[in-house]
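What follows is one structure encoded as structure tokens, with my remarks underneath.
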């Protein structure tokens with residue numbers, strides 16, 4: 001049988017000092033033979049998705065004690081990508097993912113913890129904790145804070161005829177839209193983010209929390225049940241019960257199937273990618289899945305994403321890919337288990353993956369897929385509805401829909417027969433501009449833009465591109481190229497939500513493309529191609545593009561090509577190399593880069609490997 005990891009600090013004569021310190025935290029002699037569970041919280045008042053988490057750690061801890069364990073809570077950092085967006089603060093977002101993973105590892109290993117419950121929610125916190133879980137490989141349960149309710153407003157330009165549903169992205173685009181009055185802009189700003197929780201569309205945070213369900217490390221409903229709803233309280237209580245059950249299976253019955261690397265294995269990662277493709281999730285999720293797979297020593301690459309994207313249908317469009325459906329609507333339609341049920345009926349899923357419920361995926365679908373479900377309590381959980389009341393309190397309302405959305409013809413989730421497309425909501429493109437691949441969220445691309453050819457407008461920072469867009473320097477038909485914004489070149493791989501949102505504000509989103517070695521917010525739509533690998537700072541071809549060069553993007557052919565001769569490119573390469581130590585750096589960018597970000601840039605790899613540390617340098 002595996003020994004409790006905690007016995008290193010709780011057993012033996014020479015650990016008297018450690019036990020004395022444990023006692024000073026509230027433990028007693030009877031606790032030294034119990035499983036010690038870390039409750040890894042991420043409460044902060046800086047982030048709406050985490051502002052309500054102050055007391056939920058106590059709920060989990062109390063349930064762990066009731067079930068015979070000892071709970072010890074600590075906190076990680078959390079950055080709000082929306083508040084950090086559009087200025088130098090975004091340089092810190094992606095690096096914070098690795099800091100979170102490291103901080104969890106440090107606390108868990110320093111104190112020899114036996115198991116952990118991860119209370120996450122927003123963009124980099126869930127993947128950072130996932131990386132830590134796979135790195136540490138101790139019994140782990142994830143439970144997220146839940147999505148925000150969508151906003152709602154009646155605007156004068158609609159003649160007061162109907163309410164318009166809103167998300168954060170509407171506030172950003174309205175700020176630069178000359179056709180929206182100041183009064184309407186203010187109303188949108190006031191109502192776009194009405195409650196606590198992760199932003200209300202299928203953005204990065206909600207995409208990741210959905211993927212945790214199919215990876216097997218979180219309960220059904222984790223990604224879609226609203227933060228404000230009373231039912232979410234039971235999820236936190238369940239997390240305490242589940243972690244004690246998993247811990248006993250491992251430490252007392254030597255059942256290693258409950259460990260994260262055995263639950264979230266290669267098949268589970270492929271299932272997660274298929275879910276992401278089917279629901280048109282954020283492209284950031286690919287970055288995080290690739291990084292997490294490396295932590296778990298799982299062979300999962302961009303080639304796998306490419307292969308799966310060609311056979312998985314696109315079954316769901318949620319904001320920002322739709323102005324009709326938001327996370328509360330997705331939950332009403334059965335959430336993650338609803339989509340997985342449709343994929344299972346297509347014969348696409350690996351059905352025998354395992355999860356924290358101590359069930360196979362197939363058995364879980366039989367219980368939780370609302371098309372099959374006979375359990376009235378589960379149906380009641382999926383009927384959890386928004387209240388439309390501004391609040392930052394969790395579990396503060398108990399509204400229910402009168403009926404579930406089981407319409408698979410024109411509802412929030414479609415069947416394969418009525419899919420938006422048969423080849424998925426995400427695609428990997430290859431070509432001379434991206435020999436190691438790049439990503440596009442096809443769920444947000446209209447059919448007319450899926451083949452696009454245009455002249456390049458090149459910018460060496462996000463800020464420069466925003467200024468050009470807002471001052472009319474970008475025209476219909478252009479391909480906006482934003483480079484030196486990759487993991488190394490930024491450094492930090494900023495999200496390009498402001499450039500894409502302002503293209504939309506200026507009426508150019510249906511007439512232009514944008515490509516970058518940076519990344520995109522989950523709120524991005526339009527023909528936005530990111531994660532171009534290798535990045536400019538790693539001598540990628542995107543660093544040699546000049547204004548006016550023709551770029552050809554073809555999603556159906558999965559290609560992205562710079563139409564410049566090899567002879568011309570060779571000359572440009574030699575000119576770039578002649579810059580010496582300044583080669584493959586921006587020629588005219590004014591950006592202060594801190595010591596910590598410079599250290600990050602020294603070790604980080606390009607996006608095709610998840611922007612993880614280059615272990616060959618260690």
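A Cβ is built for glycine as well, from the same backbone N, Cα and C atoms used for every other residue.
A quick note: this is a predicted structure, and the numbers were derived from the prediction, not measured.
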81, 123, 124 bind Mg(2+) according to Swiss-Prot; which of 464, 485, 495, 535 goes with them?
-> 495
Please tell me which one of the binding-site residues listed here (81, 123, 495) sits closest to residue 521 (active site, proton acceptor), measuring Cα to Cα?
-> 495
Could you round the CA separation between residue 122 ([2Fe-2S] cluster binding site) and residue 495 (Mg(2+) binding site) to a whole angstrom and send it over?
-> 15
Residue 81 (Mg(2+) binding site), number of other Cβ atoms within 10 Å | 29
Going along the chain, which residues six or more apart from residue 124 (Mg(2+) binding site) have their CB under 8 A from its CB?
-> 78, 79, 81, 93, 94, 96, 97, 100
Residue 199 ([2Fe-2S] cluster binding site) and residue 495 (Mg(2+) binding site), distance between Cα atoms, whole Å = 16
Please work out which residue of 122, 199 has the most C-beta neighbours within 10 angstroms of its C-beta, and give that one of the binding-site residues.
-> 199
What other residues of this chain sit with their CB within 8 A of the center of the CB atoms of 81, 123, 124, 495, the recorded Mg(2+) site?
-> 79, 84, 90, 93, 94, 122, 204, 205, 284, 521
